[in-house]
């Protein structure tokens, strides 16, 4: 039970980082785009490396203890792509205009009165879109932490870093539309709470069926979710903010840091 609460706490911390993003957006006039580019690339490197080197092998190894090795390989692969399919389907629910991947509006808002209604709508829909996306991210953090608390800390920190610019994407249009810092912060903060909510709902649905076999399949799906987030959200957002080579440098360094961390935890 203590692992459950620790995993939930990590998921909550990852989720509320959207609020940190809103505070940063409201406190500073200009976003350091080079830093954001590097940070998003760094996050992608961590998530890609840990998915392929740690989570996928762990899923396959657990399944191999429950069934023939050949069948375990097929099921691990199916779970991985099933996780990708799951978050892709969620992605299709969000119109492109409100999709949180499209965050180029940060720092470029027009404050003309004629824009206020459009900006308000943009902020609300962006908050809703991020809330939808945070459900599977919450599952990824929660089940990673249940499997390995040390790994859960790394995943939670990575997701938290990823959530900061999403918090900015919610706060900026809401603030320019309403001139209310409290409203901008509230929408951003609440969108992040979908992350622990997704973890609680997912755990409640799966708890009656949890076994080493099911848990291994969930981990395979988590790896797929994390790879999708890296390739569909983090790297494109890093490119959107600016310099390609800075993003790639962050990606490589993220992989290196994750590799050293796993070796030290082994």
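First residue shown is number 1, and so on along the chain.
Even glycines carry a Cβ here, placed using N, Cα and C.
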Among 195, 233, which is the one Swiss-Prot gives for the Fe(2+) site where 134, 137, 163, 166 also bind?
195
Between 35-55, 98-118, I'd like to know which one Swiss-Prot lists as transmembrane segment.
35-55
Considering only Cβ pairs under 8 Å, which range in 8-28, 35-55, 152-172 makes the most contacts with the transmembrane segment (209-229)?
35-55
Could you say which of the binding-site residues 137, 166, 195 has its Cβ with the most other Cβ atoms inside 10 Å?
195
Looking only at residues six or more beyond either end of the transmembrane segment (246-266), which have a C-beta under 8 A from one in the stretch?
34, 37-50, 53-54, 150-151, 154, 235, 238-239
